[in-house]
Every structure is written in C-alpha cells, then in structure tokens.
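Enquirer: Here it is, the structure in full.
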Amino acid sequence: MICFFSYIASFTALIDMSEKTILIWFRNDLRIHDNEILIEAVKRAGKVIPVYCFDPRYFKKTAFGANKTGAFRARFLFESVINLRESLRSLGGDLVVKKGKPEEVLPDICHLYNVKEVYHHREVAPEETNISAKVEAALWKQHINLKHFIGHTLYHKEDLPFPIKNIPDDFSVFRKKIERDSTVRPCFDTPGLVKVPDAIRNESLPDLSFLGIDADPEDDHITIEVKGGESEGIKKLKDFLLGAGLLGNKGSRSLSPKLSPWLSAGCLSPREVYWEVKKYQKQMPDLAARMIVELQWRDYFRFMLKKHGSIIPQKEETRKALSSKEKTKFEGWKSGVTGEPLTDACMRKLNATGYISDICKQYAGTFLVKTLKVPWMAGSAYYEEKAIDFSPANNLGTWATILGSRILSSNKNIIVKFEEVAQEDDIKKWFSEYNNAS
C-alpha cells in the first residue's frame, strides 16, 4: 500500500511538472552552456519561455551626454541575442525578444502563458539590482516567484572560505585564500531538449535600428573587430588556446586572448574558460596562470561591489556636469587629441574598435583625472558607452584603482607605466597613426 501511494505521489508530481511553465529571464548570461537557470528550468517544467528584454534605460543618454550603450556594444549585444536564439532553436526551443522594461514586459508574458515561476541570475550593480527588485515586486502582484541564481563568477559564493562581508579587501590576500581553500565547480551540462509553447516560436526579430543604433556607420575609421555570440566566444577561446599551446610556454607568454567582451555579456562562462585553460596548463603555465588571475580579478571586483555597494573613494565628487574648461579637456581626451601620445593612441583605438585592454583604460583614465583634472564620472560614462566589454563591476574597479581606493587596498599604489602600455600588441599602430595625422 505504501508503494502504491508513493507511486501516486510521484505520478502526480510528474503531471504537475509537465503542466508547469517557467520563464527564463536572460540578461548578462547569453549562453546555453554552463547556464544553471536554463538547465534547472528545463528539468523542473514541462515548458519554458526564454525571454530577453532590450531595456530602453540602457540606451538613453547619461548626464555627460554619452549613450549608456554605444554602437559597438549594441551591435555586439544584438549579435549575441541572435546567436542565443539560434542556439535555443537548435535544442528545439526559441527566444522571445522584446523592447521594453522587464518589470512591464515579463508580467504580461507570465499572464498570457500562465507562468508559475521566473528564473534569473542575480546581479550586483545598483542599477541592475533595482530593476530586479521592480520585476520581483511586479511578479509578486501575480503571486509569481522570482527565483535568483548565482552564475556570473568563477567561484560560487557558497564555496568561498569567507562570507561576502568578510572578503579581504586586498586582492593578493583574496587570491591566496581562494586558491588554497576554494574549488571551481564543474560546468553545468547543456540541456538536450528545450520545450517551449508553440505560440512563441518564430517571432520576428527587429533589426538594430529599433534601438536607435546605426548598423552601418559611415566613419571609415571604424573597424568591426569582434562578433557577438556564444558560438563566436567559444570558437575564439578554443582557437586561441590551440594556437598558444602550439607555441609552448615561452612563445605564448605575451599573448592576450581578449575574451572580456564575451565574458561581460555572459556569452562565455568563467568556469568554461577556466576548465579549458586547465587543459593547456602544462604546455603554457605562464599564460594559463595569467588567464586564471584575470578571471579572479573579475570575481574580486564583483564581490567588492557586493560587499561595499560602492568601491569609489568617498572623497571623490560625483558631479553630473562639467565646467566649460573641463568640457574642452574632456572632448580632447575623448577624441584622442590631448597631445599626450599614448593616451591619444588608446582613445583613438577605443573609438575605432570599441576595445582597449584594462591597462590602456587605466593609463588613459589616469591621465584624465590626474593630469587634465576632469571628474572620473565623465570618463566612466565614456567607457560605458564605447567599450564592448563594459560591465559595471569591472568599470568601477578600473576607476577605483585609478583613484586609489582604500577599499581596494592592494591597488592604491599601482602606477601604469608608459612602457607597459606601449608594449600592447597593436597600440603602436594607433600611436603611429597619431604621429602621421599630426
């Protein structure tokens, strides 16, 4: 008799699951590999509704006249969303793409399809968490739960050897402790099949112009160097590691994978990068170690933002307007015509490609605030607009480092030297172009 009732209970649970619909809210996690919200939703529901919202708040102007999302990052993001839809379709699913505020779009979809629960990855930046709170409040009115998952870091917060509030502010201490006492979890499997309601299939996808972005800029100096999407990110990772592995340890020391655009958009999982790098550790230990440290830095900035709320020194002013003198200096810095050759080279490259390395960002940013005396927030807004690899935590980490934040105690004496930046693989090209243009 007990076995009979157990069977009935299990059968009832299966029926409930088959009738349950879960909405998957994609944000900065545009991938099907190592994606807990996707694998869990597929496991626990009969049907899922993957959704991505192009939130208009991320395409407005900032106080300093910059676009929150410029053409380079908008194009990269758009390509990443298209690729995610293609990947989901290859698994039998699809992706609903909407323009609108998530707290307005998601409840409407939930009502239309009788959604029981919404899954998303938790964010840490104030603007993003505020949006999450608005979504949660809107869903709660419909008695729908917003379930939070952790999926943006190399180390899961539950595996850290300390609670978030006790994380060391010194990166070197943080790194030593996590390497000694923490482990990186294996990647989640990619689901074999994604079932979605038939009604959401094959919805039309607008072109980039619906975001107010010019898809074909007329400026001849603009160069499209990277393409968005999980498929492109995985290909770049594997091609880079294969090529670097063939060069061996000595030959690969100075190479840079430039994976940050795909990591920031969540097209690549930090764990996926970590475990792929580990395969080549014996062939190129120096490069492998550097790539892993870069992933640890990304975790560190994210955890610091979670711990402190802000990592910018309190003494730094947060004006939203510049004086006329500051505006003139700022325009020269943005255009790469300050007269300081290497700063100008960094900014010219950023304007033309949407990408410069972290060390270039630090060098040019240091010149802006230390030499030109322009408030850091203006530079931060410009990096947010132009950099394909922008993420709130990394951007704030860059400026906190420049400003000598006491929170990031190990970074306050970092001085980015001219020679270090000049050694960047292609920065000399922009340096010479500056000389030729002068």
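Glycine residues also receive a Cβ, built from the backbone N, Cα and C atoms like all the rest.
Annotation comment: TrEMBL describes SER256, PRO257, LYS258, LEU259, SER260, GLU294, LEU295, GLN296, TRP297, ARG298, ASP299, TYR300, PHE301 as FAD binding site. According to TrEMBL, the domain 'Photolyase/cryptochrome alpha/beta' annotation covers 20-154.
Can you tell me where each of these features sits in this structure?
Expert: Counted within 10 Å of its Cβ, the other Cβ atoms near PHE301 (FAD binding site) come to 24, all protein chains included.
Mean pLDDT, taken over the domain 'Photolyase/cryptochrome alpha/beta' (20-154), works out to 96 on the 0 to 100 scale.
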Enquirer: DSSP-wise, what's the residue breakdown of the domain 'Photolyase/cryptochrome alpha/beta' (20-154) into helix, strand and coil?
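Expert: The breakdown for the domain 'Photolyase/cryptochrome alpha/beta' (20-154) reads 60 helix, 30 strand, 45 coil.
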Enquirer: I'd like to know which of the binding-site residues SER256, SER260 has the most other Cβ atoms within 10 Å of its Cβ.
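Expert: The residue with the most neighbouring Cβ atoms within 10 Å is SER260.
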